[in-house]
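> Under the heading domain 'MacB-like periplasmic core', TrEMBL lists 19-225. According to TrEMBL, the domain 'ABC3 transporter permease C-terminal' annotation covers 674-788. If you look up TrEMBL, you'll see 18-38, 265-287, 318-339, 351-378, 399-421, 675-696, 724-743, 758-778 marked as transmembrane segment.
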Amino acid sequence: MNIAAIFRRLTKSKSLRIVNLLGLSVIFSCLLLSYQYIRKELSYDRFNENADRIVRLSIQYGDKPIDGRLYLQDVQSELEKIAEIDQFVSISKANTGILIYKGEKRVINDFYAVSPNFFEVFSYSLMMGEPSHVLKSPESILVSQSLAEELLGDENPIGKELSLEGRRVDSKTFFVSGVFNDFPENSHFHTDLLFHRRNDVPEWTYVYLLLNDNNDLLQVKEQIEVHYDAFEDLPEKATVHFMPLTDIHLHSRAQREMEFNGNIYYIYLIAGANILLLVVVLFNLWLNHSLLFSYNNRYYQLLRLNGADASTIFYNEVIPAFLIGLLSILLGGMAAYYLAPILHFPTFKFLSYGTLGLTLCFLGLTLFVSLIPALASISSTMFISTKSSLSPTRFSFTNIRYMLVVQYAIVIFIVIISFGISKQINLIKTTQVGGKTENILVIEEQPEDVKERYELLKTELLKQPEIEQATTAFQLPGTAIRDGVRVTVEGKSEPVSLPLLLVGEDFFSFFGIRPIAGKVLYPYKMTYKEEFDMLMDHVMGKEIPTDLTEQYMLNRKALGMLGFNSPEEAIGKTIQFSQGTLDYIHKGSICGVTDDFTYINIYEESIPLLIMQRQMFRHCFMLKFAPGKEEEGLKIFNEVWNKVNPDYPANYSFLQDVYGKVYRNEFNAGRLVNLFSLLCLIIANLGLIIFMAFIVKRRRKEIAIRKVNGAEPGQIIRMLNMSFIYRIIIAFIIASPLAWWVMQRWLANFAHKTTLDWWIFALAGIAVLLLSVASVSWQSWRASIQNPAEVVKSE
């Protein structure tokens, strides 16, 4: 076959070839992008030389959620005794702080105090400094290559003096002892700053164990649990959990992770969506090549009659199929290359072994599927017949209709999944406080000087009409609440442990939370300075007033734990609590009860809460802009902030962005499934349109005869469409239970989950049915209005 003949073959049935090219290009682009993304996700932390020997230690108390951190002082002495542990590293996180160099202050997020042996256990590389010495001194601090270049330019950073201020670090001066290369992208945590951590400091830390080659994890687990069992004041049984380093990113569901992790279910979702789209595309490819072979059947019969063998037939089929496959690879590859940076996907090299292997497999699969009709129908080219037959045996049009059922079952399945995920995402937004509000600004973890000036900041901001409300809290919404107190109700002897939420004035009106009994907290009486002095006296063991009282609120879930039968019963009751730091005021009365609200994330069940105010612990500020005034409000906020806190840069974000990080995997899953459901529907309907055109062409004479016999256009349309409608209904019956099962498995990840109402399934089925019928009805209508005389004459 010469080039001209090949070109004629490719252009003879342009619509079929274009649909093949479009579908193959789309799926190859999706496969390339998904391969790169999955490859990166599965590679997390594998750059560490000892990755297979490093595990993170976590302790679960009772049936409470697992925290990624533990109180190191509880277990440090035991870890030093265990022979299977070569070394262990403790890492303490500071969410935000102020870095000072030569009097210039800048906000720095996510920096860590680490054990001196950090670089001996992990394989993060150093540009300057020796791994075994860079963190030995208590004044040691290390900066990343990027931060060193920003701060110092071309200067040598070693020995330079830096100061840190922040809630989780004492104001202190450090000296740069080393520079590390920026952490790899596939590390489960990242930072620009590491400093020396003393092991004798009592705090919650992330603890990583480097096990020796002959370790027995079960024995290590039992030894640590026996150690915890010896604690007399432990309220609940401690269960040890080990998380392999390479599993943290995709498999960890611990609270208070260093960074928001990925999710293995998202990987399964990407892989599954690609497989389903591939099946839809390959079915179209097989269908279109079946039609092409049917069109060319008489030509092949003539070739065989003139002495051509079967290889000639295959040659005529292989060359166009190969060229279409090759062109789709080029177009899909170009699309993936330009889409990768836009979608923030990893860039890739086309000549890598993985990409080449994927490309060859894809090309081989498309060639095989393209040749199936020829392989199945080669016998029909051996003799001239007055009847054109696509496949006299296995590949009949009945088989094609069965495959349409499978194809549309896939489409309906993924549309149901799309609706279900969208419903869960809507539940997330409506359940989380402020989840549907786009005008809330949050300012995370402020230094003490900034917290002391909060009242001034609030007063100045609320003078502006663009800013409606302001409040504070101990922590941002969407984060785990792990701080608790031991509460004793007046007249009862047994204390009860309750999680503690510290809030500021106007917190409840800010988030639209109304009491179901009593009133909200009154404005706090003490100033920041008065409370600070009292806290310092309490910490130093000095005498403080014992007659001070305050107000508390409970949520509905806390009522039962404290023994109250109704919200009204709790109002006015006196309670005492013990916590340690907060005990400078340790008693007061319950002024109000709220319904349960979700301040934590929805992966956890709603928790009982004791809610109180403390000026000293208003670490996070929150502002609400007037609707539609976000841009103007943000400008005013920056002006007022710089006026009130000229020495401290503002470090803010919108609450929507905070939730976007917490639920990144869910939001990405929603977007991904919506995209793939749209692609599946478009490609499936293109195939259906082409198949309907072929059916109409084959039944032209039958339609003409029916019209001569008095059939109305509506009857013709109904006759042509009904067979497809029946098959879509069958597809719906197959897809619905499968989609329900998959959604139930996915929803099991959430404590708060949506309901899979019947209308989700019905809506998906009706939407696919209507779009599919609309796709083919145009051709049915054209067939129904054709002149039967012209058809009979042409026949």
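Keep in mind that glycine also has a Cβ here, set from the backbone N, Cα and C atoms.
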> Given the cut-off of 8 Å on Cβ pairs that are 6 or more apart in sequence, determine whether the transmembrane segment (758-778) and the transmembrane segment (318-339) share at least 3 such pairs.
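These two stretches do not touch.
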> Between the transmembrane segment (724-743) and the transmembrane segment (351-378), are there three or more CB pairs that fall under 8 A, provided the residues in each pair are separated by 6 or more in sequence?
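Output no: the transmembrane segment (351-378) is apart from the transmembrane segment (724-743).
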> Between the transmembrane segment (18-38) and the stretches 399-421, 675-696, 724-743, work out which stretch tops the count of Cβ pairs under 8 Å.
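Highest pair count goes to 675-696.
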> Mind looking up the mean pLDDT for the domain 'ABC3 transporter permease C-terminal' (674-788) in the predicted model?
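Across the residues of the domain 'ABC3 transporter permease C-terminal' (674-788) the model's pLDDT averages 84 on the 0 to 100 scale.
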